[in-house]
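Please read the structure below before turning to the comments.
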Amino acid sequence: MLPASLGTESLSASPYAEFLEDSTRQLSLEQVASPLYANQFQTNTSGNALNFGRTRSAWWVRFSVVNTSPSSQQWYMLLDALLGDEFALYILPEKADVRQESTTVTAQYIQSLEGFRRRAWEMHLPSGETFQVYMRATNGDSILRLPVEFLSADAMLMRSNHNHLLLGGLYVAMLLLATYQLLMFVSLRESSYLFLATHILAMFATIHRTNPVFSHLAFLSDTGSYFFTAPTFIAIASFLLFSRQILDLPRNNPRLSRVYLLSAVVCMAMIAITGAIPGGSVLPSWLGLGLYLLEIPVSLWLAFRGNRIALYFGVLHVIALFTQAWNWWHVVFSAQVWDTSQDLYMGLISLQLIFPVSWLQALRVRFLREQVKQAAAEHKAKDEFLAVMSHELRTPLHAIVGLTGLLRLGSQAEKQGEYLERLHTAAQHQLHLVGNILDMAKAASHTLQLDCRPFRLDLAIHSLLAMVQQAACQKGLELVLQLDGLEGVTLLGDRLRLTQVLMNLLGNAVKYTRYGYVTLTVVVSPVSDGRCRVRFVVADTGIGIPPDKLGHLFEPFSQVAGQAVLQQGGVGLGLAISRQLVEAMGGALTVASQPGEGSEFACEITFAVPEAGLETASEAMTQHALPPGLRVLLVDDSEINRFVGVEMLHNLGVEDVELAPDGEAAILQLQQQDFDVVLLDISMPGIDGFAVTRWVRRHGRDPQVPVVALSAHVLPGVQQEGMAAGMDAFLGKPFEYAELVVAILGVLSGGRGDNEGR
């Protein structure tokens with residue numbers, strides 16, 4: 001028997017309670033009070049608040065109470081639990097006949113407190129009398145817990161104020177956060193703000209179900225409602241969509257993005273069917289736990305790939321999982337010890353997590369804005385690059401067109417030699433510009449490949465000096481050369497890329513020097529194991545480079561700001577590609593400069609020394625002629641290219657040259673005649689060079705005939721496809737006489753390789 005005595009502020013009825021399960025939900029008070037059922041009540045041996053877990057049965061609870069306090073002390077009975085389905089309370093004097101109107105009798109002793117967040121009653125129990133209390137409760141599919149307490153007036157007031165202050169503060173904070181997120185969504189049109197606002201509002205509704213404060217939202221606490229679990233499903237679905245956005249899954253992993261999207265759709269679909277599933281109220285808890293277990297590995301996986309937002313997001317989920325582990329255990333696995341305060345605790349933890357998640361969201365938006373700004377800057381830089389590139393390409397083109405026109409006019413013989421020399425210089429300059437662009441594209445796609453062939457260092461240096469000398473003379477600059485000891489030095493490496501680097505450095509030195517000199521120093525130092533180290537230094541007396549600009553000097557499209565520089569023009573790729581080429585060759589490009597005094601660029605590269613007997617391309621050109629009586633098939637869809645090719649072959653002593661304008665004509669010729677070498681263009685209308693080569697290898701009159709590919713496509717992927725089709729060598733257009741000789745001699749001797757010319 002529960003004694004309500006003076007001096008006691010609160011009493012729990014749980015240790016005195018007995019309970020009976022009514023699986024039919026049909027028993028009445030008269031029946032459970034009858035001898036047939038009265039003896040079936042079980043004693044609450046645990047002494048804790050009665051918790052029947054998730055059940056659809058009706059449960060009867062009874063206990064006796066006697067008011068031993070003076071009549072002046074006011075008592076309240078509080079049932080601090082979520083009971084949103086059926087509930088009935090009966091208080092009868094100990095000797096009362098339950099067959100009488102029990103509701104009328106009960107009303108004499110208790111009065112329900114309207115507007116209180118829980119079921120609570122004001123008690124009017126006469127002092128010294130004993131009363132029998134019966135309760136009947138169902139709770140839909142939710143956890144049924146009946147913690148009955150008797151509180152004094154002071155204790156009741158304190159409990160009410162504390163709960164309203166704590167819960168009111170929590171709910172106001174959540175509503176303010178949701179409002180902020182909605183305003184940000186309206187302002188920025190960023191969907192992640194809408195998803196987070198929806199999640200916060202759904203979490204507010206979820207917590208308010210079990211810890212109500214606002215009377216207008218009492219419908220949320222109806223545990224018998226078919227859609228009682230809807231707020232939790234909405235909270236999970238909206239957070240899945242928010243996570244999908246903040247982790248940028250559509251871009252980082254489209255497959256995972258579809259998994260998240262499908263999971264959100266499934267959550268929303270579960271709203272319509274959970275109410276019909278026995279025990280379905282546990283499904284949101286399972287899905288919520290599954291969400292945590294999904295988010296953590298996904299976030300950490302993206303973090304290992306360099307995503308900072310994902311790292312912070314994953315750490316927050318780990319913290320949340322551990323701080324709420326006790327709650328998850330009770331809600332999902334052990335509902336018998338669940339308490340509504342655990343929902344409140346979960347709400348406080350959720351609020352604490354929403355703040356850093358909001359910060360992460362703001363951080364992500366800042367990153368996105370920076371990326372947009374960077375993309376806009378890159379777009380602007382590329383637009384400027386295209387404009388400058390158009391100017392740079394048109395300059396040598398103008399010289400080529402003009403000099404060609406002068407030659408066609410039949411100028412004096414002594415002038416024609418000068419015209420031809422300048423024409424060659426303009427063509428080489430244009431080829432150099434195109435080479436920089438191609439190499440930058442290859443470096444960006446990690447497809448840059450270096451050639452490794454023997455070449456004479458002195459010949460390579462003098463060939464590029466011929467192009468620089470003219471520009472230096474036009475500006476009145478002295479070109480100082482310190483090239484002692486280079487005579488006869490032969491190296492194994494990529495001559496084309498080396499001269500490209502030196503051309504970039506010398507060209508910049510001449511461009512940004514208005515008076516004085518430009519110096520090229522080359523020092524060869526032998527090292528062990530058949531290698532030698534070569535140091536190249538380009539110094540000038542130009543405008544110099546400010547210290548704050550040195551860090552950006554080797555970036556693409558970067559030039560030193562200043563009116564003196566802007567007057568010079570330029571593409572802004574030379575130094576960027578030069579550094580990448582030098583590093584690809586195993587060296588390093590450094591710079592030292594003082595504004596107004598000049599600059600010095602230096603690079604040091606180690607080359608292998610070829611074995612005796614290996615010849616350079618120029619030596620092959622001068623020492624070896626093509627075999628007499630050679631029959632060549634030249635296939636190219638460009639008439640001008642066929643004309644140039646025939647003239648080059650005739651000058652090399654090849655008189656028997658057959659022409660084909662396309663792949664179909666080439667196949668027809670190869671069916672009817674034998675050839676020693678096929679020079680085959682790749683990009684042709686209809687049947688391309690790859691298809692022609694495959695046909696030759698499978699069905700040709702001579703399946704072993706050597707095929708040399710000719711193409712303006714010089715990217716590695718094109719060369720690899722050609723070799724896979726059966727081509728023997730690759731010549732990139734434009735190519736020199738020496739490169740053509742080396743390629744033909746190579747395939748005639750049975751070797752396969754490539755010779756990339758531009």
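Our numbering is plain: 1 for the first residue shown, then up by one each step along the chain.
Each Cβ is built from the backbone N, Cα and C atoms, and glycine gets one as well.
Of the given residue ranges 283-302, 723-742, TrEMBL assigns the label transmembrane segment to 283-302. Contacts between the transmembrane segment (226-247) and the transmembrane segment (283-302): present, as 3 or more C-beta pairs lie under 8 angstroms, all at sequence separation of six or more.
Across the domain 'Response regulatory' (631-748), the DSSP tally of helix, strand and coil residues reads 56 helix, 24 strand, 38 coil. If you look at the transmembrane segment (193-214), the same-chain residues 6 or more away from its ends with a CB under 8 A from one of its CBs are 82, 84, 117-118, 163-164, 167-168, 170-171, 174-175, 177-179, 181-182, 184-185, 220-221, 228, 231-232, 234-235, 238-239, 241-242, 245, 340, 343-344, 346-347, 350, 354, 357-358, 361.
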